[in-house]
Every structure is written in structure tokens, then in C-alpha cells.
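Below is one structure, written out as C-alpha cells; comments come after it.
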């Protein structure tokens, strides 16, 4: 209805009486309410989205006034889902004479504007409806107002969304889930699945790779800093072996490993094997076949692979102090013949060439009559630095070739430390004749040259024979 209706009714009310006018007007109002369901007041001002939210799309209002409402409108026809919660209570206040307080359309517009501003500033108005649905919706609205602190962000979002749509803003918001519960559940499941996939991908990306640190290692860092060793000791609960037994078992295994290693090294290096066995025996150095301890006391010398004895030991040997252990001994003088004739130890044999040495000892090996006694050979030259040690090694090598390792014909070979030069001044009485002829004597230069050439020829022949023997072994199947 328009504002002209109110102006015409006001003119008729002035002619009629007060009570009759009031009853007639109420009937007309009820008829109009049943027909149109509400009074529509048109204002020149455009409605905002906030007003649409509060008043609804139709902006249904009763006659507005500044006083309290005196009649609750029956808005049962308007309770249709969404609009049932936006019904407002208002009635036209009449004065005692039956006249309306608002006398014109302008006052109605002003009253509507003031009431709209009042509703925007204040909390939502309480609704009085005649239908149970409206009452229930009003109760729900009241509960929602009580929890407005929790739902404030959602309400503000809805208001902003409606206002954007009214103003034609290009900014859009995220669409809500469908009102259909089945579709809403499907959408919720899809969203939850996507969120789970994103969370799993983030976790996988967040996990650092295990081996990338070694691939992208800085070359300036040392290996100990860049790739720390992570050692973890795993202890099993079911293990019933005590720690003491474990340590004992490990030590036994280590000792067994050492023993096996020693047996394996015998065929590789005689010197290392001899030194190890000597350290283990704690009784002294062993003889060449590793069966017994040396009968003569040894001292350190120039060559570590050979055993040295001092002049005192040789003198004791000559005097017969080792008869209980030694059945026979030989002192080999490796000097040249003119040196030997110039003075030598009592009972010494002059063998200055390898051929003579082999013929004497290896052509017919000397075997002791008593197996408990030994045969001892002592080599020496002027200083026991070259010729004596060379002859001793030569005899040992040839003896090895004739026997199966570690057996030897002559397992005990010694070197007189210091040679004849050191022995003669101390034990001149044990020398025959009691004199000393050096190798570089002026009277024996020609003889020295002849002996050297002869020794070189013998050495060349020996090397040639060894090469021939190696070739024969390689050719033979």
C-alpha cells in the first residue's frame, strides 16, 4: 500500500467518531494483512545488503512509530524457511482520538530511516510470531546471538559477500558447501582427501634425504667432519653370554689368529719367523730349523738375519766348555790363503770359495752320532763384514735347497763378531802362528789380485748355474 492510503484514512477519521473509526480501521488492517501479508513502505532511498539481511527482500514493515509496539502482527503466512527469522514486530500507534501519529508520507520515510539505523546499531530485534516454526526459529536466533562471539567472523563474511554481490564487485568469495547433506558429505570427503595429500607431500618434502649429504659434500671439509661415523651398539635381550666369557672368547680367537699367522709366515720369511719365535720362547734365539734354542750365546751384529758370537764364546768353545751340547764344531776362515798362513785360530779351516765350501759340507753331509748333540759352524774373515757373512748365507741357501723346509743339515751357523782382528789381540795364545797378516799387505798385492779374480770367476759360474737351473724348472712339466 502506498502513503496515499494513510492520508485518505486520516481525512475520513476526522469526520467519523473515535471508537467507530478505530474498529473499522482495525478490520481494514486485518483484511489487508491477510491479503498482502504486510504493508510495503516504499522509500526513495535504495536498500543496502545489510538492510536486506535484516528486513528481507520484500522489506515488509508495519506502520512505524517511536513508541513500543502495541499489537503483534500475525506473520504466519511469511514463515517460509529463510524469511521466518526476519519477521519484525511493529504496529501503528493511534492517539486517543483515533488519529495516526504519522501525518504524511515524509514522516513515514523518516521514521523508516531512523528505525533502520536503530536496527543496524543495535542487536537484532526479537521476533514475535504466531506459528511454532517461527518460535523455534526465534529461539535458535537467540541462541546464535548468545554465541555471537564465536560466529562473528562467519556473520561478517556473509554480510560482506551479500554487499559485494549488490554492488557488483568482481571480487568473489569461496563457495560454500551445498545444502544437500549427501553432497556436502561428498565435498567434505574430497576436501579432506586433498588436505591429506597436501600434508603427506609436505611431510615427504620436509624429510631430508639420507644420502644427499654425501653427494653434495664440500671438498674442503675432511672426511671425519663431513661424514661422521655413527656407531650404534645393539644389545640383544636374549643374549645370555656374560661379558667376561665374551672377552675371553675374543682373546682366545685373537691368539689363535696370531698362531695361524705365524705358521703362514714361515714359508715367506725366515728372519721374521725366527724373531717372532724367539720373542715367544723367552729362552733365547732358535736354530735354523726352529727345533731348539741356540747352544752358544749370541750378540747383536751388523746383519740382522745372522747370529753373532763374541771372541769369548769362541775361546770357550775351543777350551771344551760346550762338550755336553756340541759333538763337533768347525771354525771356517774365509780369508785368502796368504792371510790364513800369516796367522789363524787353532783348528780353523781355510775355505775362501763357495765351491770348496759346498764340497766339504754338502757333498757328504756331516751327521752327529748322538741326536741330542749338535754340530756347530762358526764363520769369520778379517773383519767379519763381507766375506764371512757371504759364505754363511751361501751355505744356508744351498742347504735349504737340498732339504724340505724347515729341515737342515746344519741348522746352527754363527759369525765371529769383529773377525780375526778382534780375536787375535785378546786370545793370541789360541792363534797359529801368533801373528796377523792383513788383506792389503804390501808384500801380497799380486796374490790379492789373483784371489779376487778367481773369486769373481767362481761367483759368475755360480750365478750362471743358478739361472740354468731356473730355466730347467720352468721348461719341465
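Using N, Cα and C of the backbone, Cβ positions are placed for all residues, glycine too.
Annotated by Swiss-Prot as region 'Disordered', the relevant range among 1-20, 21-40 is 1-20. Secondary structure from DSSP puts residue 381 (active site) in coil.
Cβ neighbour count for residue 381 (active site) (all protein chains, 10 Å cutoff from its Cβ): 25.
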